[in-house]
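Annotation comment: Swiss-Prot describes D7, E67, D139 as active site, evidence class sequence analysis. The Mg(2+) 1 binding site annotation in Swiss-Prot covers D7, D139. According to Swiss-Prot, the Mg(2+) 2 binding site annotation covers E67.
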Amino acid sequence: MRIIGIDPGLARVGYGIIEIENERKILLDCGVIETGKDKKEEDRLYEIFQDLNELINHWNPTSAAVEKFFFYRSSTTISVVQARGVIMMVLASKKINVSEYSPAQIKLTIAGSGKASKKDILDAVMYNLDLNKPPKPDDSADALAIALTKLNEDGFN
């Protein structure tokens with residue numbers, strides 16, 4: 001089983017790819033898709049589309065986990081929702097099963113509390129993946145936490 005966790009955004013889309021092999025969780029790749037602030041929004045969305053397609057074609061995940069987005073009154077809300085729509089479209093076009101999790105669900109599953117801190121989440125990601133140093137940048141660590149939430153739901157604790 002191979003899963004991609006995705007932390008949506010317009011400026012940065014975090015991703016983390018984990019494989020289960022002999023009941024061990026193995027980190028295959030993590031990072032961010034960054035779009036330049038100097039580009040037009042439609043070009044940034046297209047960049048997410050292209051880069052995510054490349055990642056999926058390279059790693060062939062069998063499932064995906066994406067952070068749910070809740071409406072907040074913010075000038076970036078619409079942009080993030082549009083980026084999330086592009087992400088969901090790419091996953092649907094590849095026939096990848098998608099699970100969605102709220103930030104509180106992710107925190108509860110990974111760190112044992114729906115109000116866990118960023119450090120608690122990072123520590124849990126490092127522990128679960130047997131990492132010596134934290135994944136960078138933070139968006140990729142968040143994406144790994146999202147993927148680990150899905151794996152936990154599927155019984156890979």
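From the backbone N, Cα and C atoms, a Cβ is placed for every residue, glycine too.
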Cα separation, D7 (active site) to D139 (Mg(2+) 1 binding site) (Å, whole number): 7
Candidates D7, E67: member of the active-site residues with the richest Cβ shell (10 Å): D7
Assigned conformation of D139 (Mg(2+) 1 binding site) - DSSP reduced to three states: helix
Nearest-integer angstrom distance between the alpha carbons (Cα) of D7 (active site) and E67 (active site): 6
Count of other CB atoms lying within 10 Å of the CB belonging to D139 (Mg(2+) 1 binding site): 24
